[in-house]
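What TrEMBL lists as domain 'TRAP C4-dicarboxylate transport system permease DctM subunit' is 5-413. If you look up TrEMBL, you'll see 6-32, 53-73, 93-122, 134-157, 169-190, 211-233, 239-258, 270-293, 313-342, 354-383, 395-423 marked as transmembrane segment.
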Amino acid sequence: MTLYLVAFVVFMIVGVPIAFSLGLASVAYLLINDQWQLMIGFPQKMIAGIDSFVLLTIPFFILAGNLMNSANLTRQIVRFAQMLVGRVKGGLAVVNVVSSMMFSGVSGAATAEASAIGSVMIPAMAKDGYRPEYAAALTATGSILGPLVPPSLSLILYGVLTGTSISDLFLAGIVPAFLLCGLLILYALWRARVEDHPIPAPIPKNERVGLAVKALPALFLPVIIVGGIRSGVFTPTEAAAVAALYALLIGGVLYRTLSGSKIAQAFYDTATMTAGVMLIVAMASMTAFILGIENIPRAIALGMRSISEQPWILILLLNMVLLVLGLFLEPLAALVLAMPILNEVFPLLEINAVQFGVMVVLNLMIGMITPPVGLCLFIVAAIGKQPLEKVARAILPMIGICLIVLGLIAFVPFLTLSLPAFFGG
């Protein structure tokens, strides 16, 4: 297995995309170990990795997000958030966090959220006197709210890989997302007092009703998704298709900002993003196959049990491992790779599968904003035109906030299980 890891790291260092790094490292492993005949089964393993009807939710939810973004929804959400919470000291920072929370119900992907909210909020905050690196760091941290709430792609994949109810997972992430959002707002208000951030100009009264009319239908999307699945009106896959159609109707009929060219571009972007996601999942399935050959999952489970049989200690150890994994791998690939190991370790933890899923996803999302290789960090640094080092220093307190929420998710089941239980989960 050491040879595989060396090959994978070398491919990543020389700039090979992660999907191909996973695949090439798998091929290199078999060739070096004189097991090349097993490569005959690789196509079947790749197809099996993505052969799930529920995975059809991914392109439909991506399409819904792209259509909403093409309809200029981001600016509508930001202005609506400013109308609701902007009239406080440091209001733009609060608007940034609240906008991220609102956009979470549309996007479901941290990178898309960092790009969409960042392109609006980072320049606006810098213009209003905020430090650009702080604006970028706050945007990056807010972006990980998306994968905690519907239509989270990471929670969908976890549900597919483990057989856990996707509607339960969607509900389970809502309270932790609001908790993280609230703590980030408190941090922003504290920074506003320390650094004397300004109070933004109010939204004119004659625009407020129009803003609400335009923003609220889009923000209703998560309710349609979860409510429809929970009530049995449609399956998760059907819910994703309904979400895409709903986004098309909102952008084309309500906002009237979706032209034929924008719709075509949204479909094209959806196709390329879906292809990338599915390729990563397929290639990661090959690596999971190699882990099985080497019996790595079983060995890790036995190793953890030898360290301690106390569930809380094992949960801490697993969290540390997942945080490191999230530093170097895209979350969807990390999920597929880690799942054989997690399946072996899970019985030792004495933890609910839904609670475990939210914990795993937040772990991997924290990696997306952690220096030196967090992808969302690169996105916001580029938008803010700031050196990565400055943004990395600015984001450290916010990573601390995320770790507090992670600890609460791991050891306070009520946070994740209360809503699924309330709605009959």
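The backbone N, Cα and C atoms fix where each Cβ goes, glycine too.
For the transmembrane segment (354-383), the list of distant contacts is 110-111, 114-115, 118-119, 122-123, 136-137, 139-141, 143-144, 147-148, 152, 154-155, 158-159, 162, 164-165, 168-169, 172-173, 176, 319, 322-331, 334-335, 338, 342, 346, 389, 391-392, 395, 398-399, 402-403, 405-406, 409-410, 413, 416-417, 420, 425: same-chain residues at least six beyond its ends, Cβ to Cβ under 8 Å. Simply put, out of 6-32, 53-73, 134-157, 270-293, 134-157 has the most Cβ pairs sitting under 8 Å from the transmembrane segment (211-233). Looking just at the domain 'TRAP C4-dicarboxylate transport system permease DctM subunit' (5-413), the mean pLDDT is 86.
With a cut-off of 8 Å on Cβ pairs spaced 6 or more residues apart, the transmembrane segment (6-32) and the transmembrane segment (313-342) reach 3 or more such pairs and are scored as touching. Between the transmembrane segment (53-73) and the stretches 134-157, 169-190, 239-258, 313-342, the greatest number of Cβ pairs separated by less than 8 Å involves 239-258.
Residues 56-61, 63-65, 67-68, 70-73, 76, 106, 151, 214, 217-218, 221, 224-225, 228-229 of the same chain lie 6+ residues outside the transmembrane segment (239-258) yet bring a C-beta within less than 8 angstroms of a C-beta in it.
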